[in-house]
2 protein chains.
Amino acid sequence: MQNFGPASDEPTRLANIVSPMFLGQTGWVQELQDGAKAELLAGADAQDDCAVFRVDGPMEVVLGSDYVRGPKFRLYELGYLSNYDIGYYLAMANLSDIAAMGALPIALLSVIRYPKSLPDTDFTTVIEGIRDACREVNTLNVGGDIGSAERIILSASAMGIVEQGRSLLRGGARPGDRLCVTGPTGIAASAQRYFGIFDSGSTKLPDEREELLISAWRRPRALVRQGRCLSTSGVVTSCQDTSDGLKAGIQSLAVASSVGFMVDESALPIADIVTEVAVLTDCEITSLIMGDSVDFQLVFTVAEEDVPQLSKIFADAGLQFFSIGHATEAHEVSLRRADGTVEALPGTPWRHAT
Amino acid sequence: MQNFGPASDEPTRLANIVSPMFLGQTGWVQELQDGAKAELLAGADAQDDCAVFRVDGPMEVVLGSDYVRGPKFRLYELGYLSNYDIGYYLAMANLSDIAAMGALPIALLSVIRYPKSLPDTDFTTVIEGIRDACREVNTLNVGGDIGSAERIILSASAMGIVEQGRSLLRGGARPGDRLCVTGPTGIAASAQRYFGIFDSGSTKLPDEREELLISAWRRPRALVRQGRCLSTSGVVTSCQDTSDGLKAGIQSLAVASSVGFMVDESALPIADIVTEVAVLTDCEITSLIMGDSVDFQLVFTVAEEDVPQLSKIFADAGLQFFSIGHATEAHEVSLRRADGTVEALPGTPWRHAT
């Protein structure tokens, strides 16, 4: 590893840290199932005005942006997340949007701003977190922007490619479609709830359970493989990630598709750790599962008759999903409790003033 | 215009402000000279996880990110720039990177974070600035991220398309190539220098001259038409924008291309307003022209024998460029003064510690 200065200026950081770390990106290729390719002609190592891809055939290109709330990132403030962790998180949060479109990620652009005093080692750690998250889902950090600010600011954009006609939009659910989710939700929210209430010293949960909770924030995972199974199956009618919480995800599929949903409480996948935190913190489990929680699961719809085909595709890939309800003509989004009563979906969705 | 609340939450802003403002984006098409097209299938009005483009043939896709220093944006702090202006600037700064690659911009993603108290009217004004800048160069704001932060934070990414093999990189200049620039530089730096020294009340310059100075920040322009002339000509060997200053731009072409440059002081295009500010503020003109100044001109190289062809293309388009020197075998970047003496290029380049 190169010699670090205490806090190099931007041209020096680009030359000494960013460029060597991303050496050899040029020529990297991502290929779709129909053979269409995207090849990186100029990546982060090129330090040009932009990254450049050659795309060789008809395809769909998807792109989105997410900002990570630095100092408002409560678990970072509390010392549970390192600089590496927030870099990793930034990348995965952005890559999750690509996964939710059913696309293969081909690029991440990262914007990293920091106080002038931030040491080179800390800067490097943030970039390493971003790089490793990209590697984890087989993509590259191809550029972005670095420079000073009053405090750490992290933002990114991601781009992906998908076969023609296969992007997973939110607006295609039809009444009768099964509503499904790739895994349990509420874990990230449980971590915030737990660590917001208890000191790490107070050990209300065993260490390994605390580790499990915090790992939702330290090593989130964009479900690219699941997204690809959904898109290439050709049978999924709508999809989005649960980065604003499961309830928000379901509501947004409902609005975009002009349908409603009936969710079966008894069918919801529940992580044990969520139950443990709900009990410890005196919180209703289903509210915790449904509320604002950045778990990066995928929530989607598929016609009843196509469920067996999709189940087989997932099983063949060693993956799974859970059927948790169905789309309705009526536009309401409701919950059928285990006891048969029907009520509005509980949980506070994303950022609606509380 | 819709009724504004004092400060709506994000889902409400998306539904009431962003979505209506960007209604009807779907179906928008950008077409290259060889007929390859990018069609927007899901834009900002769709509010999906990502924007989606269908690209129909072989082409190159370019993408880059730039952050705008909100409260460190000195002229904003001093009250010379409005919320509309900084939105406009954010978009143009990002689109300039696309122009510098010779690409047609097809998308801008904007990240807008703000204190919770920011009124809906101010939020709307920022977005309107972004939208209008995009319109000015015939592209669209297709999405991004909004939400709260301690203060206004603006970041964006832009994407463009260019014919195969036509992206303008920094690394292709050869010894003997002419070094050219699309217009005078140093105006943005002159504005910072002037307004940083004088109060608006002290009227060292007439009002219309102050207006001219500040317009470099209020209504910057990404030189997309010039970039397209450069890329489609097929004769340009390297190019970048002058967003870090002319000296930084020339140095970066030199490093990327493994050449040096001899710049002729007498050939530099000079805006009268830069001369006026240099005199008023007791500053050497060439340093002001060369130093850190975000003017968004394009600096590029072209083989001597191809200059007439390129000049004709520009003239036919009603545009111009200036030959300011040539590439050398020796790796130094030097200035030949009007009196014939040769010295290192003056001016402080981008963000090297001062």
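A Cβ is built for glycine as well, from the same backbone N, Cα and C atoms used for every other residue.
Annotated features in TrEMBL:
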BINDING   B:Asp49, B:Asp97, B:Asp241  Mg(2+) 3 binding site
BINDING   B:Asp49, B:Asp97  Mg(2+) 4 binding site
BINDING   B:Asp97  Mg(2+) 2 binding site
BINDING   B:Gly144, B:Asp145, B:Arg170, B:Ser243  ATP binding site
BINDING   B:Asp145  Mg(2+) 1 binding site
BINDING   B:Asp244  Mg(2+) 5 binding site
BINDING   B:Trp350  substrate binding site
DOMAIN    B:48-162  domain 'PurM-like N-terminal'
DOMAIN    B:174-335  domain 'PurM-like C-terminal'
Report summary line: Taken over the domain 'PurM-like C-terminal' (B:174-335), the predicted model's pLDDT averages 95
Query raised in the report: Counting across all protein chains shown, how many other Cβ atoms sit within 10 Å of the Cβ of B:Gly144 (ATP binding site)?
Result: 25
Query raised in the report: For B:Ser243 (ATP binding site), which residues in the same chain are close in space, meaning a Cβ under 8 Å from its Cβ, but six or more apart along the sequence?
Result: B:Asp66, B:Ala93, B:Ser96, B:Asp97, B:Val294, B:Asp295, B:Phe296
Query raised in the report: Between B:Asp49 (Mg(2+) 3 binding site) and B:Gly144 (ATP binding site), what is the CA-CA distance rounded to a whole number of Å?
Result: 9
Requested in this report: May I ask for the distance between B:Asp244 (Mg(2+) 5 binding site) and B:Asp145 (ATP binding site), taken between their Cα atoms and rounded to an integer number of Å?
Outcome: 26
Query raised in the report: In Å, rounded, how far does the Cα of B:Asp241 (Mg(2+) 3 binding site) sit from the Cα of B:Arg170 (ATP binding site)?
Result: 10
Query raised in the report: Which of the listed binding-site residues (B:Asp49, B:Asp145) has the least company, meaning the fewest other Cβ atoms within 10 Å of its Cβ?
Result: B:Asp145
Query raised in the report: Which one of the binding-site residues (B:Asp97, B:Asp241, B:Asp244) has its C-beta surrounded by the most other C-beta atoms within 10 angstroms?
Result: B:Asp97
Query raised in the report: According to DSSP, does B:Asp97 (Mg(2+) 3 binding site) fall in a helix, a strand, or coil?
Result: helix
Report task. Tell me the residue counts in helix, strand and coil for the domain 'PurM-like N-terminal' (B:48-162), as DSSP assigns them. Result -> 39 helix, 44 strand, 32 coil
**Report entry** B:Asp241 (Mg(2+) 3 binding site) - helix vs strand vs coil (DSSP)
**Finding:** strand
Query raised in the report: Listed in sequence order, which of the binding-site residues B:Asp49, B:Asp97, B:Asp244 sit with a CB under 8 A of chain A?
Result: B:Asp49, B:Asp97
**Report entry** Distance in Å spanning the most remote Cα pair of B:Gly144, B:Asp145, B:Arg170, B:Ser243, given for ATP
**Finding:** 31
